[in-house]
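Asker: Straight out of TrEMBL:
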type	residues	note
COILED	239-266	coiled coil
DOMAIN	206-258	domain 'HAMP'
DOMAIN	266-483	domain 'Histidine kinase'
TRANSMEM	26-48	transmembrane segment
TRANSMEM	188-207	transmembrane segment
Amino acid sequence: MYIQNGVLAIISKIKEKFWFFKSMRVHALLALFIIGVIPLLFFSWEILNTYDSTAMSQRKADMQSQGNSLANLLVSSGYLSDTSSDEVNTEILRIADLYEGRILVIDSKLNIVKDTYGIEDGNVIISEDVIKCLNGSSSSAYRGDHNIEMTVPITHTSSKEIVGVILMNFSTKNIQNIYVILYRKTTVLFVTTIMLIFIYAFFYSGVFTKPFLNLKKAIGHLTEGYMDDEVKIDGFYEVQQISLSLNQMLTRIKNLENSRQEFVSNVSHELKTPLTSVKVLADSLLMQENVAPELYREFLVDIADEIERENKIINDLLSLVKLDKAASDMNITSVSINDLLELVLKRLRPIAKKNNIELIYESYRPVIAEIDEVKLSLAFSNLIENAIKYNVEDGWVRVSLNADHKYFYVKVSDSGIGIPEEAQDSIFDRFYRVDKARSRGTGGTGLGLAITKNAVHMHKGAIKVYSKENEGTTFTVRIPMNYIA
């Protein structure tokens, strides 16, 4: 274990030491550099190679043309029998000088009739290329010593018989010299272009990575607790999207922090209010002497009501905390939603009867779904109980159940007082009350709808509200038939 930890520590230090090679700027610099250099290298090589092959091919073609012309002149002048023709000798020397080379005129018996160097005149030449040419095949080859050697047959005009061979050995130094000059210029251009590419890649990689560095700096400020500093939205489109998402996340964190502070404040206030009432009632009794039993009883009833209210707030808070836990705490089973709603309505009928509210249940088809029965039962109970409590005298509450192949739908409608339009976006917030005085009077804690919303969302469902003041309210809950983990 200690050895393993030591190795990991060494690897970590090595990574920290060579962090530069993992830098985005270095990678961008290398990528741009390689993308620029490789095509340039290939292009330079292609230019040199094309010139070399083209120049050599052209030189061979010129030699072939000059050789054929000279062969025709030799045949027409009878040069192989009489080499005294000044015109022919001058032409042979001209062609040899033109290409800085050497020309041998050879007859059919392999005798050297003419050597422009004047060295081998009258000698016999034994050459495989010459013999092949006498047998009907010309040849050319690049010999490697800056020269090209070529054989051209001397063919009799009328008989088409090969009566001799012209052996030409021409220099390619001028081609090589031009190649060297071109190579040097290409090298200078290549190096200069590489430097320009490197400079461009260096600055462009800086421009490319600058928005990311600014983003990193901004995130660093956020991690240090500067939550009021928004990330500047500039740079490339992708960076703008990241910055925008980060600002949205920052706004959400701020809202969550504000909600947390507000929640703590509300919890403190809600828990303190009943305790304050109990203390006031108790102090009132203690400060009076000879208190009538009826007054004692009245005060004790009020104290009991406040304690019950305190207990209800605590129970709702515990329910909310349980619902805030991970979805892994869900106890999913196949449940008859029809039976579940009938059970909830059965529990709430006494409250409805007490308030003279008619409860109506409409089920359009049997529905079996995968749900957490306890959590969803609590959600439906809160909706129906609110519909009963915030209703008008002799009102009604209608609960309907329907389903399709994917979702089931529960609607809770009432003939109650309704919810103002400006308050409808906030009714699911914790401790939010539309009418605080009325809510406390009916025993509300401001947590019921927050609990309901959490329970529905834990089932990957949705809840919507439609309401008009003095006309009533309808809550629609949509839950998947099959639980989605």
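Including glycine, each Cβ sits where the backbone N, Cα and C put it.
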Asker: Near the transmembrane segment (26-48), which same-chain residues lie under 8 Å Cβ to Cβ, leaving out any that are not at least 6 residues past its ends?
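Answerer: For the transmembrane segment (26-48), the sequence-distant neighbours (Cβ-Cβ under 8 Å, at least 6 residues beyond its ends) are 20, 179, 182-183, 186-187, 189-190, 193-194, 197-198, 200-202, 204-205, 208-209.
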Asker: Could you tell me the mean pLDDT the prediction assigns to the coiled coil (239-266)?
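Answerer: Its mean pLDDT is 74.
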Asker: DSSP helix, strand and coil counts for the domain 'HAMP' (206-258)?
Answerer: 40 helix, 0 strand, 13 coil
